[in-house]
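What TrEMBL annotates here:
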- 38-58: transmembrane segment (TRANSMEM)
- 70-88: transmembrane segment (TRANSMEM)
- 94-118: transmembrane segment (TRANSMEM)
- 138-161: transmembrane segment (TRANSMEM)
- 200-223: transmembrane segment (TRANSMEM)
- 244-269: transmembrane segment (TRANSMEM)
- 289-310: transmembrane segment (TRANSMEM)
- 322-340: transmembrane segment (TRANSMEM)
- 411-428: transmembrane segment (TRANSMEM)
Amino acid sequence: MLSRNLKNVLVVSVGFLFLFMAAGGLQNLQSSLNAEEGMGVASLSIIYASIIISSMFLPPIMIKNLGCKWTVVAGMGCYVSYSLGNLYPGWYTLMPTSVILGLGGAPLWSAKCTYLTISGNTQAAAQGKRAPDVINQYFGIFFFIFQSSGVWGNLMSSLIFGQDTKIAEIPEEQLRTCGVTECGLVVQSNGTTPRPAQEVVQTLLGCYIGAGVLAMLIVAVFLDDIDRDRASRFREKREPFCKTFLATFRLLKDWRLLLVIPLTMYSGFEQSFLSGEYTKNYVTCALGIHYIGFVMMCFGATNSISSFLFGRLARYTGRAALMCLAAATNLSCIITFLLWKPDPKQLHVFFLLAALWGMADAVWQTQTNALYGILFPRDKEAAFANYRMWESLGFVISFAYSSFLCLEYKLYIMLGVLVLAAVTYPIVERHEHTHPTLTQENAENTSTKIMCQTQM
């Protein structure tokens, strides 16, 4: 029979599936859809800058006061506001809603990670299994369902944009600007890649808004409030605001966190490259905006399947082997991006690169999230807040120089961060192998009491 903890993991996963059908698809389109004056990329940069600020203090405060469930619902509402702002895109609508999304993003993801970690620890104690194995499995299930949002959200955008009558042939002059030879905003400024009709865009956004609202309802109605009692006790006996505010930064005293920061930031760099650079400088430039959805569907499908497989495979291979696989895959793709000249006749290459990137991203997402939960069992809220903060910093840096650096330099920067992560991460992994971190339940020796097992 389906256990209560697994049921909750599935509810969270389905809620995020519907939410990011909208949010993920919309992010992939920003650099091409709202290209005027770099407005789309600027809004993405504002989002992740706001997430950094939010990560500094909001996750511990919201999770401890509202509990994980209602923090997730509130964060989802912030994401829906961004879809509303895109109905009539402009600096005065996109920038404020970008800030709102960013402020809600860090608590949303921190609450989700905390919820899955609590569920994994509880289930492991009940079945007498190793907590890291169950946590890896739960994160694998989550990302299997969550990453499939890339399939459905992008399928929706491609089918709707495919009905636009303004689709034009890509001229030879534009093809010469694609790939690493493209510098600045040539694709947008040359006027050969028109924006889809406003009615078509609003139809897509209406579907995205509906999916976001449905996600909120699924979580609000069906998700168990497993840390309600803990949140109630916290409200009755509040800690000083200064102590809660500084929880995220206090964790930086732990040298293990400092050494996984490059790995965490690389996750932001590689995701932003795919959604901001690959979609603009390769797909839109050589194939047209209506192909973004189809290519990103390939990324989402591969990511989803790989997340599920790697979540289960990790118990046999360990994290380190999967991390090496992801690093080697990304390295080969970066070299290809540097050397390959996009050509519409090589359509399969566009999909192959997206699929390989999706496989590697599945490792970064499942294993890095699980690693944070395993390394810092006593400080889950602060740990996952740090995860969002440093990952978001990678996004911000990448989007910030998007309009100023040539694509070749962006690829070299991303490669440098990957190499740095490959140097620092093994040190942490080696230490964890020789000196395993005890789960909170084992440390407190209260495995027979569920309430103690689920304390954070």
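Cβ atoms are placed via backbone N, Cα and C, with glycine included.
Counting C-beta pairs under 8 angstroms (sequence separation of 6 or more), the transmembrane segment (200-223) reaches the transmembrane segment (70-88) with 3 or more such pairs.
Only pairs six or more apart in sequence are counted, and the transmembrane segment (411-428) with the transmembrane segment (244-269) gives three or more Cβ pairs under 8 Å, enough to call it a contact.
A Cβ distance under 8 Å defines the sequence-distant neighbours of the transmembrane segment (289-310), meaning residues of its chain 6+ beyond its ends; these are 24-25, 28-29, 32-33, 140-151, 153-159, 161-162, 164, 167, 193, 196, 274, 279, 283, 322, 350-351, 354-359, 361-363, 365-367. Across 38-58, 70-88, 322-340, the stretch most heavily in contact with the transmembrane segment (244-269), judged by Cβ pairs under 8 Å, is 38-58. Long-range contacts of the transmembrane segment (70-88) within its own chain (CB-CB distance under 8 A, at least 6 residues past either end) are made by residues 12, 15, 19, 22-23, 26, 34, 47, 59, 62-63, 94, 96-98, 100-101, 103-105, 107-112, 115, 202, 205, 208-209, 212-213, 215-216, 219-220, 223, 225.
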